[in-house]
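The feature domain 'Protein translocase subunit SecDF P1' is assigned by TrEMBL to B:139-201. The feature domain 'SecDF P1 head subdomain' is assigned by TrEMBL to B:226-332. Residues or ranges marked as domain 'Protein export membrane protein SecD/SecF C-terminal' in TrEMBL: B:337-503. Per TrEMBL, the feature transmembrane segment maps to B:356-375, B:382-400, B:406-424, B:445-471, B:477-501.
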Amino acid sequence: MELFKYEKPLSLMSHAKRFGILSMILVLTSLGLIFTKGFNMGIDFAGGTVIQVQYDQKAPIDEVRNVLNTQEAYKGASVTYFGVDEEIVIKTKTSSKNVGTDIGDQVRELLKDTQGFKEVRRVDMVGAKVGSELREKGLMAMVLAIIGILIYVSFRFEWRFAIASVMALIHDVTIAMGMIVLFSVEVNLDILAALLTILGYSLNDTIIVFDRIREGIRTIKEPDLAGIIDESVTRTLSRTTLTSLTTFFVVLTLFLFGGEIINGFSFTLLVGVIVGTYSSIFVASPILMWLGFSVGGFRAKEAEKLKREKDKEKMRAMYEQGTL
Amino acid sequence: MLNFRVIIFAFALIFGVVFSIPSLMQSESGKKITLGLDLQGGLHMLLGVKNEVAIASKSKSIASSVKYLFDDEEIIFDALKLDEDTGVITFEILDKDDIAKVNKLLKEELEGVTFSENALKYSIQMTAQEIERTKKDAIDQAVDTIRGRLNEFGLAEPTVAKQGEDKILVEVPGIKTQEDEQRIRELIARAAHLQLMAVDEDRIARVNSMSAAEAKSYGNVILSDVNTGEKYLLKGIPVLDGSMLTDAKVGFDENSQPVINFTLNGQGAKIFGDFTAISVGKRMAVVLDDQVYSAPNIRERIGGGHVQISGQFSMEEAHDLAIALRSGSLLAPVYVMEKRSVGPSLGADSIKASSIALVLGFVLVVAFMVIYYGMAGVIANVALIGNLFLILAIMSLFGATLTLPGMAGIVLTVGMAVDANVIINERIRELLHEGKSIVKSIEDGYNNAFTAIWDANVTTLIAATVLYAYGTGAIKGFALTMSIGIMASMLTAIVGTHGIYQWIVPKMDKNRLGYWFGIKGSK
């Protein structure tokens, strides 16, 4: 079976402006959402407690709310169904420190007489100080990962490739964050992991395309970068689509069957796979053009490099023969 | 023809299968993947250590050393004071001829302090290094003590580790009931600071009308009974504390009530004997973590260093208390900064859900590859399965912890691991379309694809490494599975499948490209 049969290059770069505008709109909308509506910070970053309770029957949410509201410490706690009718999750800013005893024990004590109560299945409590530390560490991880990538790609390709791939990354992560805000996904450590995975995934995709462009510069006779990009992107198109499809299948099964706890994580990945694929085709390469990457210059540099290597070899040979 | 690539791959496959068996069949012996707390249930706590308490008590002991030294050398001094906020100890000597002697004593007998003298007024302070050392000791001691307590409790594989400068991570897997969880929590956090204190018999009659400040002015403290709430006025400097204790065991009193019998070391026994000898007819309080457990009347001198705490304990309480006392008190108290507890049933549900996703995702990818690439897809699938086994094997050998995000990491690796083979297969197809021979297409396909796969994987690996270095718990697990997956996929997809192609290439037929590579013949 074949999805794309390579006939002649698609003329993608002639539409670069349109994709640029689309991306701009998406990124700006995402930034707007992030700065106006803001993240729904989960307890990992904001501190607080999440308690998951299981019932034998449909959980009596109103009763639970009433019981909790009798206590000052739990006023304003959110109580929602969690995946199924028998499970609820209680979220509160309160932590064990505020109630002077273990918060899990106290909630169990409060709820044990509610209709059909079975057990407290999970208690996650994070102090506010830990939360802010995690937030700093997470941000630090992102920044460091990006610096590492910049250095590696500059070293292996050229600095414009590095900038373009990192800009594509930021594009993807920003849009993913925008979707997280739009759908009020709770941001916890696993969401951070998902964002970092998107970073890795989208990068993977972009590098594959860039590798083809680098190869194209050497082998395709065309002097014009747009033509080389068109050809390279078209040639990698079936690979990009295929890999995205297999990854998409897997993430989709994770989203559909992975259970409620991992829902936010798989949702973020789902967005990431789609945006990551789009950006490696339509965003990364136009940025390369826009940054003024010159084919001639690259070729001259490559030739220079080749020449230097040859010279070195010649010197070595001469040295070995004792003629130096 | 067999070649070295196939042999390497075969070895990798055997290695993968052999070392993942113990993890797959949980009953087998051998190195296994540990399931994270989110998958098997358990208690995770991040404890903060109150260093300042350890430092304050260190300053107190410096102050008492000063007093002991000067009394011993018969130096007359006055107004020995400790400012608890700054940790500065001040005193005044009366005779200026003593200055040389005092300076010598302070220099030679006290460690880790600096002092200054001005018009016979001295002030002593711990050095910055000493403060750092005290903090470090306090947390190291807390880690050891908590580990000791959990081991004595008899739990399977608890983890107690220092995190950063002043935090302790405790993970206790496999807790079955809420009561157990509660007991473990109390056992960990218990300061277990035992003190034997004399009752101030002269003033205790007024204890109920006395303020804490007034008690302090007499050098006393007011503490209350753990069961009855009755107040006691006790002398502030304890007769003995838990540091002189050598053993603590559960025993029974005459009414068959559980009690704790503890034994003091030689020095403790002597002090205790001397104290009881001069205090006949008075009361002595057994104080644990600032609560009075009992305050018996001393009827005679008690030698031998055997003391008993009674306090209407349940058998379990007595047992846990004895463990806490045996393993020593915490120099610095700990408090819970983060706590996550997962019930065993939830863990099982999570495993089930993500296993379903893993199997389904896997089947989808495998089927898709065969439909799309024909035999080339089958070969890619062999690499994929090899990859999965390798991940499991390497994780087992490292004793790595598999968490829920870690499982997601594996699921994702399955999706991404076929990528290398997709790149290679696409390259081979391109070359076949150009009309190259099968052997040439395969060789060039691998050569052309190599740099792309290499660069893409190394960059992803960079991201994963950063994630591992900066992540905590679950994220670390995720980064680990992803890194192992990437490396395993380089081996299986680049070396393994290449070897298989080289092995079976004589059987491949240019007229059956549809069967072998899923494409129609060349143009």
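In case you wondered, yes, glycine gets a Cβ from its N, Cα and C as well.
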Discussion item. If we skip the immediate neighbours and take only residues 6+ beyond the ends of the transmembrane segment (B:406-424), which ones have a Cβ under 8 Å from one of its Cβ atoms?
Written reply: 36, 39, 351, 354-355, 357-358, 361-362, 365, 369, 376, 379-380, 383-384, 387-388, 391, 445-446, 449, 452-453, 456-457, 474, 477-482, 485-486, 488-490, 492-494, 497
Response to the item:
Residues outside the transmembrane segment (B:445-471) whose C-beta sits under 8 Å from one of its C-beta atoms, at least 6 past its ends, are 419-420, 423-425, 427-428, 430-431, 478-480, 482-483, 486-487, 489-490, 493-494, 498
Discussion item. What does the DSSP secondary structure composition of the domain 'Protein translocase subunit SecDF P1' (B:139-201) look like, as residue counts for helix, strand and coil?
Written reply: 27 helix, 18 strand, 18 coil
Worksheet item: Are there residues at least 6 beyond the ends of the transmembrane segment (B:382-400) whose Cβ is under 8 Å from a Cβ of it, and what are they?
Response: 9, 12-13, 15-20, 22-24, 30-34, 362, 365-366, 369, 410, 413-414, 417-418, 421, 477, 480-481, 484-485, 488-489, 491-493, 496-497, 500
